[in-house]
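First up is the structure itself, then whatever we jot down about it.
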Amino acid sequence: MAREQLQVLNALDVAKTQWYHFTAIVIAGMGFFTDAYDLFCISLVTKLLGRIYYYQPGSDTPGALPSNVLSAVNGVAFCGTLSGQLFFGWLGDKMGRKRVYGMTLMIMVICSIASGLSFGKNPTAVMSTLCFFRFWLGFGIGGDYPLSATIMSEYANKKTRGAFIAAVFAMQGFGILAGGMVAVIISAAFKAQFPAPVFEVDPAGSTVPQADYAWRIIVMFGAIPAALTYYWRMKMPETARYTALVAKNAKQAASDMAKVLEVELESEQEKIEKMSQEKGNDFGLFSTQFARRHGLHLLGTTTTWFLLDIAFYSQNLFQKDIFSAIGWIPKPKTMNALDELFKIARAQTLIALCSTVPGYWFTVAFIDRIGRFAIQLMGFFFMTVFMFALAIPYHHWTLPDNRIGFVVIYSLTFFFANFGPNATTFVVPAEIFPARLRSTCHGISAASGKAGAIVGAFGFLYAADGIGVRKTLIVLGVVNFLGMIFTFLVPESKGKSLEEMSGEGEEENGSTAESRQTVPV
């Protein structure tokens with residue numbers, strides 16, 4: 001049986017799109033901007049780090065990071081992110097979204113700066129401190145996933161909630177672009193100021209001492225946008241859904257949202273007290289009631305995010321091969337250190353501009369029209385098709401005449417990942433769970449995704465060496481197909497209030513719990 005909704009929550013659900021919605025997108029999205037900037041810029045500077053710290057005098061090839069060091073530099077941030085998603089997801093439900101939100105941002109700012117101040121000139125010391133601070137940077141970034149998604153979902157209206165949450169996630173696209181552009185600008189400025197011969201002509205002289213400052217500036221720059229939004233994060237009021245449904249303070253919720261929405265709202269404290277005395281809506285995460293109501297939903301959100309990230313992050317492995325194949329990046333010997341940084345940054349920025357960023361904004365445009373379920377199913381379907389299209393005639397694509405076709409299909413796979421499950425797996429867990437468990441469940445789903453990212457980035461690195469690229473692509477096609485199957489466990493939340501989706505707007509009885517398990521077909 002449906003229960004009358006609190007006036008303050010109904011006011012949020014039916015509110016017209018206002019200025020505060022856009023400020024919330026920017027404030028919440030800056031965490032994702034920094035997240036993408038950091039993960040992206042480290043992949044740009046790893047070649048430069050190899051030249052600076054691992055060049056062997058007398059060698060006829062430029063220095064490169066040993067594979068174990070490269071794995072550590074890329075991998076520790078993932079491990080930190082996974083830990084942060086679980087910890088801050090849980091903390092966001094215990095202490096409130098706003099109180100924890102500032103903590104994650106400060107960790108990101110401090111660790112971004114500290115990553116660029118890695119101590120000493122000794123390779124071991126520099127890499128150890130870089131890895132240490134990148135772990136904690138990842139920890140802060142991890143906290144931003146459940147908190148940003150939950151805050152945006154709880155602030156948004158019913159009609160455009162999907163687009164607003166997707167827009168927060170789409171700030172990643174701007175972070176990727178900024179990472180590439182900052183690297184291009186810094187490397188171009190250093191090249192102009194400190195000219196150097198190419199490696200073939202003068203191996204030692206091709207890496208100027210000042211290059212050690214270039215990578216540090218690029219890494220530290222990510223702290224600036226995050227620091228700028230700290231003040232506004234602290235000024236944001238706690239979400240009304242947390243204050244009313246979890247903290248049970250109706251007066252504060254009505255007062256906060258009256259200022260935001262600029263309308264008069266009743267506090268309705270007695271209605272909240274009545275709701276809190278009713279049985280059926282106080283179950284915990286590990287209860288049979290949660291398993292019955294939301295168990296399949298949580299299985300759906302965790303498995304789809306896990307499978308998506310295996311495919312998404314392993315695709316990044318092939319980027320360097322593709323750039324070399326189409327001649328965007330010449331052989332390392334024919335460039336100096338800063339020239340190589342410039343060309344890698346330019347190539348990755350173009351890929352981001354052409355396929356990654358448009359995919360995100362297609363999701364923002366269509367998610368509230370065609371729904372989360374349809375976009376996720378379509379995205380996994382096309383990723384499966386394109387993976388098999390690359391894998392089955394793989395030899396055909398390796399021929400010089402066909403390499404452009406390979407790049408086009410590869411770019412389309414990225415496009416449908418972003419106009420597909422990469423965005424929807426972030427949106428849906430913020431909409432379908434009860435307010436008191438929303439942040440925790442989103443954190444669990446996101447951490448499952450990061451576990452998939454670790455499998456994708458490292459498992460497939462060794463798989464490509466062991467079983468070859470063609471068989472690896474076939475495995476990825478199967479992974480995407482499984483993602484399509486598990487999508488059927490995830491309910492459609494388009495146009496419904498958060499309380500309708502989570503069951504908090506209904507009194508406990510068997511039929512309502514069962515009806516929520518239905519899945520669109």
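One-based numbering along the chain as shown.
From the backbone N, Cα and C atoms, a Cβ is placed for every residue, glycine too.
Here TrEMBL gives coiled coil for one range in the set 251-278, 279-306: that range is 251-278.
Counting only same-chain residues 6+ beyond the ends of the transmembrane segment (65-88), those with a CB under 8 A from a CB of the stretch are 38-39, 42-43, 46, 49-50, 53-54, 100, 103-104, 127, 130-132, 134-147, 439, 443-444, 446-447, 450-451, 453-454, 457-458, 461. Mean pLDDT across the coiled coil (251-278) comes to 79 in this model.
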